[in-house]
Amino acid sequence: MERAEAYGFSAAMSGAFLLSCLLFAAINRRQRGPYMDEVFHVPQAQAYCHGRFLQWDPMITTLPGLYLVSVGVVKPATWLFGWTGSVVCSTGMLRFINLLFSAGNFYLLYLLLFKIHQKNKAVSGFQRLLSTLTLVMFPTLYFFTFLYYTDPGSVFFTLFAYLMCLYGNHKTSALLGFCGFMFRQTNIVWTVFCAGNVVAEKLNEAWKTELQKKKEERISSRKGSFSDLIRILKFLIEYIVSPKNLLTLVALTWPYIILVTMFFGFVFINGGIVVGDRSSHEACLHFPQLFYFLSFTVFFSFPHLLTPTKIRKFLLSLQKHPMQYSLIAIISVFLIWKFTYVHKYLLADNRHYTFYVWRKVFQRHELVKYLLVPVYIFAGWSFVDTLKSKSIFWILMYFVCLLAVTVPQKLLEFRYFILPFLLYRLNIPFPSLYRQLLELAFYIVVNAVTFYLFLNRTFQWPNSDEIQRFMW
């Protein structure tokens, strides 16, 4: 990092943290007590603060990583500063833990952008800082920085594990992956993603060697054709069934294999992936979740995905391959018809944005969910098109992980899309400065509206005296 960029990084990080602290103070003045899921998380953390580690709220579905880290931070701070009484492990103190995680995420996002795009000499330090600031302010993640939720910590350990993976520190990466798993069980998928990065790199090297042997060096130009996909899948199977290649991959990824084995042991002993209340978190094949994620990504990445050039390119592709797109449309309609699930929370809780998205869009008419198929197809095409700089094996690996983390979820919840979105956004090519500024401005506007609604547009339910607030 050059001196000017280092100064810029320090100023940007300090400014973002100061702004977050001011917003944090305003939110804590308005909402002093636990809100939403905090009514479970805060008492559980306070029990740990008082040494009651065997006490557990059966309504909590995640492992105790957040509470253990909170105690590990708060207890030394109380001894150091002499805090006593209600200050120790108060709601505000516990929420501040996530503000620290947010600062850590800023640093990790910058390092990841630097590592992933280090070969692109056209990317300036200012662009890296701008993208870092934009991703830190990603609305769905940024909002939960100010509440005592698992998301900022979950993102922190997952990004840290990914960074260590990219630097080849796989034992450290697996250990950090375990920490991420302790925050949210589904983060085991991103441990597989880290292992998949290693595997994809080896496969890509072997595939290039195979092409050179056959004097076919046009992989990048032919990567999108169906026949090439068949050839690649055939090569993939032949590579993996080779004992020598398999042993090489195991030797490279054994720390991740141990962690995944431990995960399956946990699932077997626990009787499922969820701890606590399982009735509201049943796994199912909810394939439309992938369509919702793609739409979510287009919405938050519209400066990159909704460009006139991309739309023209998509229409040309549609004109060139009508049969392929017709088949995709038919499969999409079938998946929506047979595998759409509506969680009871989605219909009952009018504090979440998803409630209004479902009611205003999907419940307008029975046919709406099918009429959106062209939007989903464009979103999927545009999504893949922005990843074309990555190897085909990386893309396949990422999509396997994306399916694994989204499809089993019955509840439409935007928080579940945070990590797959960030990993996607980190790996796409740097856009122009204009599009970066547009993206940042859009995030600022969305955040401003969200916090305004949360703080000022409160309401009450008829059967409750508690103040209710709108949120993601």
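Placed from the backbone N, Cα and C atoms, the Cβ positions cover glycine too.
Computed from a predicted structure; not experimentally measured.
These features come from TrEMBL:
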type	residues	note
TRANSMEM	6-27	transmembrane segment
TRANSMEM	60-81	transmembrane segment
TRANSMEM	93-114	transmembrane segment
TRANSMEM	126-149	transmembrane segment
TRANSMEM	155-183	transmembrane segment
TRANSMEM	246-269	transmembrane segment
TRANSMEM	289-306	transmembrane segment
TRANSMEM	327-347	transmembrane segment
TRANSMEM	367-384	transmembrane segment
TRANSMEM	391-408	transmembrane segment
TRANSMEM	437-455	transmembrane segment
Among the ranges 60-81, 126-149, 327-347, 367-384, 391-408, the one whose Cβ pairs under 8 Å to the transmembrane segment (289-306) are most numerous:
367-384
Given a Cβ distance threshold of under 8 angstroms, which distant residues of the chain, six or more beyond its ends, lie next to the transmembrane segment (126-149)?
5, 8-9, 12, 16, 20, 23-24, 27, 34-38, 41-42, 45, 66, 91, 94-95, 97-99, 101-102, 105-106, 109-110, 113-114, 117, 155, 300, 414-415, 417-418, 421-422, 425-426, 430, 433, 436-437, 439-440, 443-444, 446-447, 450-451, 454, 471-472
Can you work out which residues elsewhere in the same chain, 6+ from the ends of the transmembrane segment (391-408), have a Cβ less than 8 Å from its Cβ atoms?
186, 189-190, 192-193, 196-197, 199-201, 203-204, 207, 219, 223, 229, 232, 236, 283-287, 289-290, 292-293, 384, 416-417, 419-420, 423-424, 427
At an 8 Å Cβ cut-off, counting only pairs 6 or more apart in sequence, do the transmembrane segment (60-81) and the transmembrane segment (155-183) clear the bar of 3 or more pairs?
yes
By Cβ distance under 8 Å, which residues at least 6 away from the ends of the transmembrane segment (155-183) in the same chain are close to it?
62-66, 68, 101, 104-105, 108-109, 111-112, 115-116, 141, 190-191, 193-194, 197-198, 252-253, 255-256, 258-259, 262-263, 418-419, 422-423
